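**Student:** Straight out of TrEMBL:
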type: BINDING; residues: C:Thr53, C:Val216; note: pyruvate binding site
type: ACT_SITE; residues: C:Tyr144; note: active site, proton donor/acceptor
type: ACT_SITE; residues: C:Lys174; note: active site, schiff-base intermediate with substrate
There are 4 protein chains.
Amino acid sequence: MASAAEKKLTGLVAATFTPFTPQGEINLPVIGDYIDYLRETQGVCNVFVNGTTGESMSLSVEERKKLAEEWCKRGHGKLEQVIVHVGSMSVKESKELARHAAEIGVDGIAVISPSFFKPKTAGALRTFLQEVASAAPNLPFYFYHLPAFTGVNIPARDVLEGIEQLIPSFRGVKFSGNDLMDFGLCASYSQPSWSLLYGVDEQLLSALVIGANGAVGSTYNYVGCHIKNLMSAFENGDLVQAKAIQFKLQELLKYAVQVGFDVGVNKQLMSEISGLTLGPPRLPVEPCSSAHAQSIKQKLISIFA
Amino acid sequence: MASAAEKKLTGLVAATFTPFTPQGEINLPVIGDYIDYLRETQGVCNVFVNGTTGESMSLSVEERKKLAEEWCKRGHGKLEQVIVHVGSMSVKESKELARHAAEIGVDGIAVISPSFFKPKTAGALRTFLQEVASAAPNLPFYFYHLPAFTGVNIPARDVLEGIEQLIPSFRGVKFSGNDLMDFGLCASYSQPSWSLLYGVDEQLLSALVIGANGAVGSTYNYVGCHIKNLMSAFENGDLVQAKAIQFKLQELLKYAVQVGFDVGVNKQLMSEISGLTLGPPRLPVEPCSSAHAQSIKQKLISIFA
Amino acid sequence: MASAAEKKLTGLVAATFTPFTPQGEINLPVIGDYIDYLRETQGVCNVFVNGTTGESMSLSVEERKKLAEEWCKRGHGKLEQVIVHVGSMSVKESKELARHAAEIGVDGIAVISPSFFKPKTAGALRTFLQEVASAAPNLPFYFYHLPAFTGVNIPARDVLEGIEQLIPSFRGVKFSGNDLMDFGLCASYSQPSWSLLYGVDEQLLSALVIGANGAVGSTYNYVGCHIKNLMSAFENGDLVQAKAIQFKLQELLKYAVQVGFDVGVNKQLMSEISGLTLGPPRLPVEPCSSAHAQSIKQKLISIFA
Amino acid sequence: MASAAEKKLTGLVAATFTPFTPQGEINLPVIGDYIDYLRETQGVCNVFVNGTTGESMSLSVEERKKLAEEWCKRGHGKLEQVIVHVGSMSVKESKELARHAAEIGVDGIAVISPSFFKPKTAGALRTFLQEVASAAPNLPFYFYHLPAFTGVNIPARDVLEGIEQLIPSFRGVKFSGNDLMDFGLCASYSQPSWSLLYGVDEQLLSALVIGANGAVGSTYNYVGCHIKNLMSAFENGDLVQAKAIQFKLQELLKYAVQVGFDVGVNKQLMSEISGLTLGPPRLPVEPCSSAHAQSIKQKLISIFA
């Protein structure tokens, strides 16, 4: 991995699942194969580790550290960037995770808003982010905006106001929301070194047209190779082709939602497609049957055939 | 106005304000000048009458009829299409309004979901729409999707399922929501004769890229001339220019929301910009001071200069 | 009916259903029998007409007038008080209904907050209520608070602030919400002539203990005779008995919600229990099968046996 | 502290604040004085440690352990019961905290639903609770229901269904919600050994009448002495007096909410009233000025004088 200061994060970033053993403990040995699969089969060379897809909030601090270490170690020379999410309900634990991330040499860290106690103002949230960033001042820092999960509805643009003064290492946003006016306002406010990473896979094209530089999402684990084509088509001005691919992903997710879709289903789906053994999710997410995931896999195959 | 059956509704459609006298009664004589302003100053030749911007839910049935008549009469030969919203909490009143719309020769009708009693399924909503459409079977019919106001969160795509069988006059959707996966699914399901009209002005570009044929919104009353340029730029593949204009509208609305923005403010803003005397809104919307609206007007001038 | 000025509304008030013909038109002739049933079988002598249970928002203005007239005419000499809800999305139509209510001699009127355009402050809502009350200045006036339906979450206590100056005919609140701190604050603010009517039947006892003078609800149509016992027990300090009855109603509603419960089911349930022919609900509420309602009726019988 | 198996938890339970140093580290030495204050000035002899009031979600696992230890050690011989909340987003960390609680001899543990990943069914939540309980099978176990914070709207009654089979140590619910039908259903389902502890202080009386055995809340830290009178009045059948005291607490909280109230304000208010030095809250909760808290204290004094 090159010096983070030199590289701007763009393109597709897979929000990785956390492999578990059948007994529900983290399963580090799978990660090496996981990285190979992403690179070789999907053509995806950036990962967002310990995010929502990775069930980070269900992990202990120790588990999060071990996972970050393994992704870094195994990704070395194979992945372009390993971004580690270090957000937590506790600013104290977040700082500990940020310090650890700096020690192991990740390419960047991201932080979500705490959501049990919700910041009441953009300023309060900014102060929280600043506090965490101060524990790893040399790591590129990303704000992770996920209002549907956190219930924190402060516009991302308000959070960004003056953030470059408070967090010199600030490098962008992972924006996982539907409000594209807010996203556009982030894009028009953003600085050249920032990355605007969109996180709602099923409407990526709508974000690209308003300023997204890249995309972080769980579906890129298994349809990354197709969405790379969407991004290329967009860059080449072929909106007809880009739209056609976007429609396919929408059709797939419509089906998945209809039959039942959450991080547990998503993880099983990835196991079925990739052949990796990712194991069950952790409570309170419930395990998904192989048959359920297979039906979504078949739909995927028929759509993207 | 040409035969509705022949024309597909595309391009910009102004969601019109309802002019009131200072005493709060509808003020029909303003409508003629309003139409001239839209055509001549904004270049907008389609109107969506008695919608949310027009405060239809605050009007009596009689007032809605008179307004529809005046827009049709004055718009004749000047406007391309006059679409009249006939939705209401009461299916009985909606049908009465639909019948009336057919009698006076509007170019199409639109219906929003009832929102006091909310339909519990897409099927229930579809049956409601079908019942209203049956009162004006020869008028192009549009479903008006506005979940943030109605609280009805049934995906529009689910409402469209098989609707062409139930409502032969069905011609499209005014989609005023942020969920662009749902919008994209409507677009990929839609038939050639349908219009997919997007209704969130501040993220129009994001909808165009995924299949919008046109746009219905309140800001087209006063920035229609600029947004026409956005649409042209998009059609010509000039995404840089399209994005630049979209950013301007986002900046304007950010400012407006910050200082306070609702249909009353919006109406006063239109009065200040157009020179028309649109009067106050009706309760429970509160009147807006001229100074408040002027500050937004000045922002608009500085942004779009 | 005695002079409204003399009587304070207390005790049980049935929120009445609106009888429809099988074709979906209002069915006035049923009302006479309906009144007899309420009086004779349930011991309920006050009615709240054209409220939520009565599907008023789905009715035309003319239908609401005819219903109010019929309830007044048939209730004369049989009912103690006929309260007519005149709220509407349109202040203009609400005023028309209020004037009409005064002409036909109802005992009081009630008004809900408009909910399509939502008042942004307690002051805006109070002004809306005042405007309607001004059309029937001699009729006892009640504010109808139903936040779960309207989405208007302004505390009722804030709406009451100084309302007696603005609406001299103000006589109380029909409070249909779970926030019993807000209800208690209304109670401690209330004047001796006001009625604090609680509207969440399944937690009535919890409201009685904090100051309710009476109750308005749909279940009093068919379990009024039992809930009268709850109220008597409470007045006599027999909290054990009061609680036992409240538990029964909770058990019934738990069952109903589990199998599916809305105003359409509720109406069919009333038909099955009373033997009255109340007909179907109006769209967007969907009809309920007799079997579905019968299963709830059987549960009721087994619980209250 | 007596054997937990013998004592049913009833009466008032203070949800304790977590003392911090000015630098934001936990401040254990304050706890001894805190216990004395609760006992001697407020007459409160039960505590609920590391709950929402105690900012547990903002603490590290280590901090939570140290706090639990200190409360147990200092409370020995002075407090009747020390209940420790061990809920967390992570079932793994919750189990670790539960095991630790058993080791140090607390009187009971409580667990809230995880709220980042939300259980989708009552069964999933029950399984989560069961898993945590299994790590401390001999400790009385309480389910902590706080839907406004967690966003998990599964009725508590549904969670209780059959829970005594899955968690033999189950002893009740801390119910911090407004839905008193759900609370009543819990009460009617509950077994003699269970405690139904109500957690919305401002409507406690409404819960007592429907079956509450006790109350857990933050205001009991500083108005416990008054609310004990409310409970006595209720037990003695003096509802007039009970209501009068409840109205006072409602008036106080209305004022507090009006001027701004959250866990940070609440903590500062406790410092001002008790003379203890509880310090600031932890991010994302923002510190409260002494003046702000003093204004609420003065209101409290004038109301309860």
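Placed from the backbone N, Cα and C atoms, the Cβ positions cover glycine too.
Where the annotation comes from TrEMBL, it is an automatic prediction and has not been curated.
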**Student:** Between C:Thr53 (pyruvate binding site) and C:Tyr144 (active site, proton donor/acceptor), how many Å separate their Cα atoms?
**Tutor:** 13
**Student:** Taking the Cβ of the residue listed as 'active site, proton donor/acceptor' as the centre, how many other Cβ atoms fall within a 10 Å radius?
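**Tutor:** For the residue listed as 'active site, proton donor/acceptor', the count of other Cβ atoms within 10 Å is 26.
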**Student:** To the nearest whole angstrom, state the Cα distance for the pair the residue listed as 'active site, schiff-base intermediate with substrate' and C:Tyr144 (active site, proton donor/acceptor).
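**Tutor:** Between the Cα atoms of the residue listed as 'active site, schiff-base intermediate with substrate' and C:Tyr144 (active site, proton donor/acceptor), the distance comes to 5 Å.
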**Student:** Roughly how many Å separate the Cα of C:Val216 (pyruvate binding site) from that of the residue listed as 'active site, proton donor/acceptor', to the nearest whole number?
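**Tutor:** That comes out at 10 Å between the alpha carbons.
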**Student:** Work through the recorded positions one by one (C:Thr53, C:Lys174, C:Val216) and point out the residue whose CB has the fewest other CB atoms within 10 angstroms.
**Tutor:** C:Thr53
